[in-house]
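Colleague: Supplied in structure tokens, the structure appears directly below.
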Amino acid sequence: MAIISDYEEQDTKPPSSSASSSKSAPAKPFKAVLDPANPLGFLEAAFEFVGRESDLFKSDSLINDVSAVVRMVKDKLETEERKKKVEVEAEKAKAAAEKKKVKKEEAPVTASKDEVKESKGKIVKETKEEDDKKGSRVPNKSNGLDLENYTWGQSLQEVSIYIPVPQGTKSRFIVCDISRNRLKVGLKGQPPIIDGELYRPVKVDDCFWSLEDQKSISVLLTKKDQMEWWKCCVKGEPEIDTQKAEPENSKLSDLDPETRSTVEKMMFDQRQKSMGLPTSDETQKQELLKKFMAEHPEMDFSKAKIS
């Protein structure tokens, strides 16, 4: 299992100025400027700089490593966007509560932080209760769920997990054990945050974890079966309605023709089932039966059924 973690600062005495100047090489300045209209140009300059000043491009796993980092950053930004939306909804609830209170009292009263926190928790609790009554929950934008202790999302190939931890947490305090069928994540000396059997097996050598900004643990799991949506991350947790999971269209073009055809067929069958219509396999059977009936008019098909 490969591990990506933040640099751990060790408590050592600072070296003398003479020793520092003799052992450390001067920093190389990077002078590229980000143009929002041309972000790829900035990335190209950054990669050229890193390629000149380091051995990064000599690594055989460079493309996979960079792709994993890009996916983690993308998923992280999407998670932050979801959190912002929850905060906006909480602020709206706060404003509505204040407006209602002003009507009853002459002087307005500003809600405290505890009241805002309680309002957020109430919104999340009510949403969960409604979903539990319906059975399987509607997946979030990442085709996973926002749970009490962590958030997870998925593509057909991977599962991404984000676990908030206290600000300032060091990577040496993190416990993350990933096996083929089980995941355990937490902090040393405390009960694990996640500890259970995974919904489906994973490729352990292609799984990673990292500490983001010393306040969030990010775990990337690579599915062994990359043609199936997971209903949950860990067995026993709330499940999603996989018929409502939607792969990103931009990723379909990256698949080989056979895989893309299979994914498109899955998407079509999911839509058909949700509308109470026959799937592609059922439609094909119906067409074969109609053709056979036309070729054999002398036979009685009144009791024929498609199974």
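Cβ atoms here come from the backbone N, Cα and C positions, even for glycine.
Straight out of TrEMBL:
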REGION    1-30  region 'Disordered'
COMPBIAS  13-30  compositional bias 'Low complexity'
REGION    78-144  region 'Disordered'
COMPBIAS  78-135  compositional bias 'Basic and acidic residues'
DOMAIN    145-234  domain 'CS'
REGION    240-284  region 'Disordered'
COMPBIAS  240-272  compositional bias 'Basic and acidic residues'
Colleague: What does DSSP give as the helix, strand and coil breakdown of the region 'Disordered' (240-284)?
Modeller: 30 helix, 1 strand, 14 coil
Colleague: Tally of helix, strand and coil residues over the domain 'CS' (145-234) according to DSSP?
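Modeller: Final tally across the stretch: 6 helix, 44 strand, 40 coil.
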Colleague: Which value does the mean pLDDT take for the domain 'CS' (145-234) in this predicted structure?
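Modeller: The predicted confidence over the domain 'CS' (145-234), as a mean pLDDT, is 94.
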